[in-house]
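**Student:** TrEMBL feature annotations, pasted as is:
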type: ACT_SITE; residues: His123; note: active site, proton acceptor
type: BINDING; residues: Asp116, Glu187, Glu189, Asp221; note: Ca(2+) binding site
type: BINDING; residues: Tyr118, Gln228, Thr340; note: substrate binding site
type: BINDING; residues: Asp221, Lys241, Thr245; note: Mg(2+) binding site
type: DOMAIN; residues: 10-108; note: domain 'Fumarylacetoacetase N-terminal'
type: DOMAIN; residues: 114-343; note: domain 'Fumarylacetoacetase-like C-terminal'
Amino acid sequence: MKTTTPFPIENLPYGVISTPSEPTPRCATAFEDYAIDLNELQRDGFFDSIPGMIDGAFSKPALNVFASTPQSTQAEVRARLVRFLPSASEADKEKYFIRLSQVTNHLPMETANFSDFYCSLEHARNCSEIMGLEVNPNWYYIPSVYNGRTSSLRVSGQPIRRPWGVISGPGASSQATWSRSKRLDFELEMGVFLAKPLPAGQILDIRNAKEHVFGFVILNDWSARDIQGFEMAPLGPFHSKGFGTTISPWIITIEALSPVECPVSIPQSPPPLPHLAWKGDSSNATWDIELSARILRKGKTYHVTSTNLKDLYWTPYQQLTHLASAGEGLSTGDIFGTGTISNDVRLVSRSCGCFPPQDQLR
């Protein structure tokens, strides 16, 4: 089905909005050109009688309460919206429908933990090549990941400020200086928001990973390459990646993405260790989701990358299982980045480089 909107009835993502007439943030879904005020619907009894639904869940300034409900509850909420929205009366539209152009988006969930992976084989090879190294052998045994900073999370449209940090020029004799980054870069990823919590001390079985996923957003891991180059050794990035992480405002649920479930596209060799080996149907091991990015520079648009989530070496389910494999637990609202999703197609010269101040990313 062809559509001109990113929010057809098959999508119905969740987010948090406010409006000039009602500045209190509350939960909404997006349908065609409108945000649907779920708080108003709930106050009018629209979700009454749904087993497991929590009173006032959509009045909150984050989706955590709703995301913590059983998946069967979320499925029935979605089913009711699917039946109602396409045939809503003019009176219903007047009360519950708000033009997307009139809303302000907010971070959709309260997040305690943010982790970011490094799981694209092509990206790992590119990074290793720059440093004159081979991909580390342990990369093929565990999904590589580091803990990020939740304070870095921003919703699309919020400004990103160039960070200050310690920078050094090439060569061992170069002096280190503290200055603002001149080499701001982006990394195109997807972010996975978690729903069902896992108590600390428990270990997640990969067969149950789907129960803990609420949905996906686009995630941009802003990176200051000049700061990163000096601070990486020996513990990895800090200020170079802790200043800004942009996510799209609408969470596309795992149920909405079920039609694009697919097999992995890259064989894993050696085979994953037993706790990371996918034990479900191979046809729904990951998702076929196309991603692209463009840079607007001096009035000209450069298409810099097109890629696909299924091209990751380690799948989101494997990443999630690894996150919970040592007993740290999981919290509703946690988010992890899939890591940069790369492929072997180069659309523009690498000379397109990092962002000067006037560039925009789309």
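Numbers here mean position along the shown chain, with the first residue as 1.
Positions of Cβ are set from backbone N, Cα and C atoms, glycine also.
Curation does not apply to TrEMBL; its annotations are automatic.
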**Student:** Comparing the binding-site residues Glu187, Glu189, Asp221, which residue's C-beta has the most other C-beta atoms within 10 angstroms in this structure?
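**Tutor:** Sorting the candidates by Cβ neighbours within 10 Å, the top entry is Glu189.
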**Student:** What recorded positions among Asp116, His123, Glu187, Asp221, Lys241, Thr245 are found with a C-alpha within 10 angstroms of that of Thr340 (substrate binding site)?
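**Tutor:** For Thr340 (substrate binding site), the recorded positions whose Cα atoms are within 10 Å come to Asp116, His123, Glu187, Asp221.
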**Student:** Given His123 (active site, proton acceptor) and Thr245 (Mg(2+) binding site), what distance in Å do their CA atoms have, once rounded to a whole number?
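**Tutor:** Cα-Cα, rounded: 19 Å.
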**Student:** Among the recorded positions listed here, His123, Lys241, whose Cβ has the fewest other Cβ atoms inside 10 Å?
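**Tutor:** Per-residue Cβ counts within 10 Å for the recorded positions His123, Lys241 bottom out at His123.
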**Student:** Taking the Cβ of Gln228 (substrate binding site) as reference, which residues of that chain separated by at least 6 in sequence fall under 8 Å from it?
**Tutor:** Pro237, Ser240, Lys241
**Student:** Which of the three DSSP-derived classes (helix, strand, coil) applies to Asp221 (Ca(2+) binding site)?
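**Tutor:** Note: Asp221 (Ca(2+) binding site) is in a strand by DSSP.
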**Student:** What other residues of this chain sit with their CB within 8 A of the center of the CB atoms of Asp221, Lys241, Thr245, the recorded Mg(2+) site?
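**Tutor:** The surrounding set, listed in chain order, is Asp116, Gly148, Ser152, Glu187, Leu219, Asn220, Trp222, Ser223, Gly242, Gly244, Gly337.
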**Student:** Per DSSP, to which secondary structure element type does Asp116 (Ca(2+) binding site) belong, with helix, strand and coil as the options?
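**Tutor:** Strand, per DSSP.
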**Student:** Please list, in sequence order, every residue of the chain apart from Tyr118, Gln228, Thr340 whose Cβ lies within 8 Å of the Cβ centroid of the substrate site.
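**Tutor:** Checked against the 8 Å cutoff, the neighbours are Asp116, His123, Cys127, Glu187, Asp221, Ser223, Pro237, Lys241, Gly339.
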**Student:** Centre the Cβ atoms of Asp116, Glu187, Glu189, Asp221, go out 8 Å, and tell me which other residues of that chain have a Cβ in range of the Ca(2+) site.
**Tutor:** Leu188, Leu219, Asn220, Ser223, Lys241, Thr245, Gly337, Thr338, Gly339, Thr340
**Student:** Just counting, how many other CB atoms are there within 10 A of the CB of Thr340 (substrate binding site)?
**Tutor:** 25
**Student:** List, in sequence order, the same-chain residues at least six positions removed whose CB sits under 8 Å from that of Tyr118 (substrate binding site)?
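**Tutor:** The list for Tyr118 (substrate binding site) reads Ala124, Trp139, Ser144, Val145, Tyr146, Gly339, Thr340, given in order along the sequence.
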